[in-house]
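Okay, structure first, notes after.
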Amino acid sequence: MNNIVIVGLQWGDEGKGKIVDYLSENADVVVRFQGGNNAGHTIVIDDEVYKLNLLPSAVLRADKISIIGNGVALDSHALVSEIESLKVKGVDVNYNNLMVSESCPLILSVHKDKEKLFEDLNGNHKIGTTNKGIGPCYEDKVGRRAIRLCDLENTDELNQRVDALLSYHNAIRKGLNYQVVKKEEILKEIQEISEKILLYKKPVWKILNDFMKEGKKIIFEGAQGAFLDIDHGTYPFVTSSNTVASQAITGSGLSYNAQIIGVAKAYTTRVGNGPFPTEQNNEIGDSLFSIGKELGTVSNRRRRCGWFDAVLVRQAVQLSGVSSIVLTKLDILDSFDTIKIGTGYKYGGKMYDYLPASHSIQKELEPIYEEFPGWKEKTQGKRSVKELPANLMKYVRKIEELIGVPIHLISTSPNREDVIKLKNL
């Protein structure tokens, strides 16, 4: 099958960037279809670390085409800065190998202001956003007042769009005794970047359909993870877009038949606030944090850490129609005597084999665990199944049994080549 969708099965930070980079060697095109520069994908090539926020992970391969779809909230200044920082490292990003949908809604300073303002107003009930303006940008898109990339080409249209945008944002700012924004300030902000960003503007949906007819191999690269999905995640502690596989169609404009691959860590992490049934607020969590170097790529915040939650991952598999799994960061568990997997929940005298939608229940769930002996052997950098300890493989097989789909790849380090194939795609 020519098309592959890659999605995260937890709360993000599963290692999707490395897997997209690895699989893109045999692809032609990689498409980002949701989120914004609140996502962070880290790729290590020959000990050089690349941290990507908006750009698809295939941008590091010179012969691949990278596309930012209409489902992405676009911070134009951040994109140009990311392109320029890659050029310093010898990576050439140009309008031949990068295309941006003309329908992308633009993130502006008013969006970042609003997000920070409302996070501050929430006090102890903060969501824990990255303050990148993603949520308010999506709000404006749904409210039909967003400024889109295509609007930058027409002065009259742009002026009308800015008027509509500011009538809303300034009404809120006045109500909260916050300084209003002048139209000239927004126009200047846009004009500073428009010439550079318009070089990449394309009718992405049409180009993707042409590519599909030509038989090109396309990878759709998801950001965040299933339980940050606005509909299916741990609401309200979620992101502002759909992160499950079906969003790849809406966020790119391409209807496709595709293999859907999920990426999951061998344990669980989460950045920010919200329910986390298998979280370990103890020495185990501290060890996972320190060994796994669990700091957010974008926020640089400490990630909360816990045991693998098979209930969550199985639910994510079903939500996205995942047919196979990539399991990452198994090497982080090398030193543990005992390893646990969450296999169910208890609440109010009732057993759950799924994550209930209610936040009031989610935050009180008590995990049910199954224990496994650790392998106490270094696996970092291994590239062959024969090199893997028997107890590690028992752990992998149990996860397969619990989530109901096969694990076909294992990642044993951040490096591009440290991947073990268990099954063919």
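Placed from the backbone N, Cα and C atoms, the Cβ positions cover glycine too.
Under the heading GTP binding site, Swiss-Prot lists 12-18, 40-42, R303, 329-331, 411-413. The active site, proton acceptor annotation in Swiss-Prot covers D13. Among the features that Swiss-Prot reports, IMP binding site is placed at D13, E14, G15, K16, N38, A39, G40, H41, T130, R144, Q224, T239, R301. Residues or ranges marked as Mg(2+) binding site by Swiss-Prot on the basis of sequence analysis: D13, G40. Residues or ranges marked as active site, proton donor by Swiss-Prot: H41. What Swiss-Prot lists as substrate binding site is T297, V298, S299, N300, R301, R302, R303.
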Next item on the list: Show which residues of the chain containing R303 (substrate binding site), separated from it by at least 6 in sequence, have their CB under 8 Å from its CB.
Entry: D13, T269, R270, V271, F289, E294, L295, G296
Margin query: Of G15, G40, L330, which is closest to R302 (substrate binding site) if I measure between C-alpha atoms? They're all binding-site residues.
Written below: G40
Notebook entry, point to check: Looking only at DSSP and grouping its letters into three states, which state does N300 (substrate binding site) belong to?
Noted result: coil
Note to self: Are there any residues at least 6 positions away along the chain from L330 (GTP binding site) with a Cβ closer than 8 Å to its Cβ? List them or say none.
What the structure shows: A266, T379, L392, Y395, V396, I410, S411, T412
Margin query: If I take the alpha carbons of G12 (GTP binding site) and Q224 (IMP binding site), what is the distance between them in whole Å?
Written below: 4
Next item on the list: For T42 (GTP binding site), find which of the binding-site residues Q224, T297, R301 come within 10 Å, Cα to Cα.
Entry: T297
Next item on the list: Over all pairs in D13, E14, G15, K16, N38, A39, G40, H41, T130, R144, Q224, T239, R301, the listed IMP binding residues, work out the largest Cα-Cα distance in Å.
Entry: 34
